[in-house]
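Visitor: What follows is a single structure, and I will ask about it in a moment.
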């Protein structure tokens, strides 16, 4: 939207004050700046937004805090610690949550699929997620995906340097405000970062945001479970699932928890 300034240039009024202007606009001023268009609000009938949205305990939920208005995806009206009361803190925490949700979704798939493929006869090296990285310290190094002629890593320092450069470049691009296409929200870049045009329809995009945050929160809990499983059982998630399905009585959280009872 181009910058604009209202002016009256009629020859009949040259040199004369526009008496009606103040009467119409009072003491206000009109300022128009170039900015990215704000996303349209979600449809009023959406169950995930607004004052009548779904709350964390459904009909048993109390009144949500006044600062949780249902404007953002994933707002179920639950904030017992008041973490969202300060707008700046809320904006920061919202960004952190969305980013960690995306990481958890991607990493969760990376923990499951290699082990699943390995158990079904696909040969590409170590399939268990917390053991795969240590292969770089073996004599032959680490090959992706189990083929030395493709990507063959033998130096942990080289991998660390690549991660710093690549991830640093991406984060620097994000923080500095660099963009490919018009940016409406730093968390949802759009433009060249949305080649499928998922954000073109505001109503559909609002629903996709809710799906992302819900699946992301589930993925973060899943990753926490993968970490606990790795520490307690020393096995990957697929093997733990197979063991539980084979013998659910002796392979469950309670059975493993009782192994840590003092004196047992």
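Quick reminder: no glycine exception, Cβ is built from N, Cα and C everywhere.
Checked Swiss-Prot, it gives:
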- 56: chlorophyll b 1 binding site (BINDING)
- 78, 84, 97, 217: chlorophyll a 1 binding site (BINDING)
- 100: chlorophyll a 2 binding site (BINDING)
- 102, 151, 180: chlorophyll b 2 binding site (BINDING)
- 135, 212: chlorophyll a 3 binding site (BINDING)
- 155, 171: chlorophyll b 3 binding site (BINDING)
- 163: chlorophyll b 4 binding site (BINDING)
- 163, 260: chlorophyll b 5 binding site (BINDING)
- 211, 229: chlorophyll a 5 binding site (BINDING)
- 215: chlorophyll a 4 binding site (BINDING)
- 244, 253: chlorophyll a 6 binding site (BINDING)
- 35: phosphothreonine (MOD_RES)
- 1-32: transit peptide (TRANSIT)
- 98-118: transmembrane segment (TRANSMEM)
- 150-170: transmembrane segment (TRANSMEM)
- 218-238: transmembrane segment (TRANSMEM)
Visitor: For chlorophyll a 1, what surrounds 78, 84, 97, 217 with a Cβ no more than 8 Å from their Cβ centroid?
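Guide: Neighbours found: 74, 75, 76, 79, 83, 93.
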Visitor: Provide the three-state secondary structure of residue 84 (chlorophyll a 1 binding site) computed with DSSP.
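Guide: Assignment for residue 84 (chlorophyll a 1 binding site) reads coil.
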Visitor: Fill in the CA-CA distance, residue 56 (chlorophyll b 1 binding site) to residue 171 (chlorophyll b 3 binding site), as an integer in Å.
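Guide: Cα of residue 56 (chlorophyll b 1 binding site) to Cα of residue 171 (chlorophyll b 3 binding site) measures 33 Å after rounding.
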Visitor: What Cα-Cα separation, expressed in whole Å, is found between residue 217 (chlorophyll a 1 binding site) and the residue listed as 'chlorophyll a 2 binding site'?
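Guide: Roughly 9 Å, rounded to the nearest whole number.
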Visitor: When DSSP is mapped onto helix/strand/coil, what comes out for residue 151 (chlorophyll b 2 binding site)?
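Guide: DSSP call for residue 151 (chlorophyll b 2 binding site): strand.
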Visitor: At a C-beta cut-off of under 8 Å, are there same-chain residues at least 6 beyond the transmembrane segment (150-170) that contact it? List them, or none.
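Guide: For the transmembrane segment (150-170), the list is 136-137, 141-144.
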